[in-house]
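According to Swiss-Prot, the protein has these features:
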type	residues	note
BINDING	164, 165, 166, 189	NADP(+) binding site
């Protein structure tokens, strides 16, 4: 069994990104700029935002975190986003989710300039993605594809099961696997006989948001298991959707939590911010 080390791969890719950024600054005078807007004081969101800021600075980017109270009105938040849309120094805009109940997530995602939507969640970018002309790709699935590439995991002709159907992970993950010529099935919380279905898959990507949901009864010997889940157990420990100790006994490759998919998500956000900066100069 091989552990897919997303943290180490992220460090490797971000070192290469820092070199590209330095060359971009030297040759064209461009510095990628990433702004992250954090609404409220959700502890998990604060951790994610700190990690994004740290990665942006390490890559040589201009970075800013805008913290606003969770009492901010929807219109004021939309106005704030528009200010960064109009500022050419910023090439990537992220609004950390989740948002307070009085703010429409849909309106916020629509407000971000598609050219600066490095999360790839604006309908314009989604449309380009689904039509086979991607510009911004949702970062978690993009990071998983980089893992497959780094570890030389063959996808063509393989049977892949994606457990989870979100617009952020499940659906785009299935599309990227299809594009790589895998045969893909999407399952979810209402899928019947899920363990039986999962045992037929060569590759299982789990993004269902339930701690330790997938046990070794779901996984055939030698399968590749990618765990996107980030949950807390009763003691506050970070755990994935996969029961790692069990499943690692039968999987050929597996991602840990933490240190698997999470660091790669942030790495791909940085890559897409760099690419947005390059496109802005054309």
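Including glycine, each Cβ sits where the backbone N, Cα and C put it.
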Using CB atoms and a 10 A radius, I'd like the single residue among the binding-site residues 166, 189 with the highest neighbour count.
166
Would you identify the secondary structure of residue 166 (NADP(+) binding site) according to DSSP, in three states?
coil
Let's check the environment of residue 165 (NADP(+) binding site): how many other CB atoms sit within 10 Å of its CB?
18
In sequence order, which same-chain residues at least six apart have a C-beta under 8 angstroms from residue 164 (NADP(+) binding site)?
170, 173, 186, 187, 188, 205, 206, 207, 208, 209, 228
